[in-house]
Amino acid sequence: MDVTAKYELIGLMAYPIRHSLSPKMQNKALEKAGLPFTYMAFEVDNDSFPGAIEGLKALKMRGTGISMPNKQLACEYVDELTPAAKLVGAINTIVNDDGYLRGYNTDGTGHIRAIKESGFDIKGKTMVLLGAGGASTAIGAQGAIEGLKEIKLFNRRDEFFDKALAFAQRVNENTDCVVTVTDLADQQAFAEALASADILTNGTKVGMKPLENESLVNDISLLHPGLLVTECVYNPHMTKLLQQAQQAGCKTIDGYGMLLWQGAEQFTLWTGKDFPLEYVKQVMGFGA
């Protein structure tokens with residue numbers, strides 16, 4: 001690819017950043033489509049995020065992807081949020097239209113699309129959702145919009161717990177889905193929730209390097225063959241949770257599915273063109 005002065009820049013702002021497959025995936029897609037954009041990753045944490053957004057405007061970047069730990073903070077720095085992004089309270093995509101910044105969240109649509117592509121119908125189902133960060137709440141919100149009956153969200157009593165309660169209130173007030181929030185330390189409640197659940201989704205970074213030997217499921221007997229277990233983490237590809245799930249006879253969906261589908265939607269938002277899906281799956285080695 002010969003980058004010229006006519007090319008526009010798209011970024012990814014996150015910390016840490018080195019594990020991300022998004023730059024490779026998006027640049028392969030842009031090159032295949034013959035579009036005059038290039039995608040670059042920038043190591044940006046909460047402290048440096050405000051300055052990074054000013055830089056985005058000054059450099060007239062087309063937009064940026066947003067990942068941990070900036071997804072919730074980023075909502076404060078855009079001019080407009082989609083209804084779904086408001087419900088989530090976090091974004092993973094910014095589109096810059098001549099200095100006017102629009103915030104989107106494709107994490108939820110991407111993850112739910114990956115579930116649907118596997119042949120699983122979420123309507124009327126119950127999901128146990130781990131975590132209350134940007135990715136997790138995006139999945140919960142989109143699942144609620146698309147027909148989940150109940151979401152049982154579990155999170156540690158950390159800085160995200162109050163945000164989880166606020167998220168649950170927003171979803172309960174604006175959709176037909178019922179969301180409850182429980183401390184993950186309550187292992188009895190966790191076990192009872194899993195026993196009646198249709199889907200278990202890990203929306204936390206537990207399982208991602210350097211936590212690849214960890215799982216929030218301490219007892220594999222809590223997993224049952226009727227349960228669909230899905231991951232947001234894709235590095236490593238086969239997390240400990242997915243290994244546990246397969247041993248228990250559960251159907252699983254790895255983090256590549258979410259990465260692919262959320263990235264496809266981002267691509268279209270930035271470029272206005274269709275994402276070369278089959279080509280990207282092939283060159284990236286995604287089985288999704």
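From the backbone N, Cα and C atoms, a Cβ is placed for every residue, glycine too.
Here is what Swiss-Prot records for this protein:
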| type | residues | note |
| --- | --- | --- |
| BINDING | Lys71, Asp107 | substrate binding site |
| BINDING | Ala132, Gly133, Gly134, Ala135, Asn155, Arg156, Arg157, Asp158, Lys205, Cys232, Val233, Tyr234, Asn235, Gly255 | NAD(+) binding site |
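According to its DSSP assignment, Asp107 (substrate binding site) is helical. The Cβ of Ala132 (NAD(+) binding site) lies under 8 Å from the Cβ of Leu153, Asn155, Phe160, Phe161, Lys163, Ala164, Phe167, Val181, Gly203, each of which sits 6+ residues away along the same chain. The subset of binding-site residues (Gly134, Lys205, Val233) lying with their Cα within 10 Å of the Cα of Asp107 (substrate binding site) consists of Gly134, given in sequence order. All protein chains included, Arg157 (NAD(+) binding site) registers 11 other Cβ atoms within 10 Å of its own Cβ. Taking each of the binding-site residues Asn155, Asn235 in turn and counting other Cβ atoms within 10 Å of its Cβ gives the largest count for Asn155. Spacing of Asn235 (NAD(+) binding site) relative to Lys71 (substrate binding site) is 19 Å (Cα to Cα, whole number). Over all protein chains present, the Cβ of Asp107 (substrate binding site) has 33 other Cβ atoms lying within 10 Å. Once the Cα atoms of Ala132, Gly133, Gly134, Ala135, Asn155, Arg156, Arg157, Asp158, Lys205, Cys232, Val233, Tyr234, Asn235, Gly255, the listed binders of NAD(+), are compared pairwise, the greatest separation found is 26 Å.
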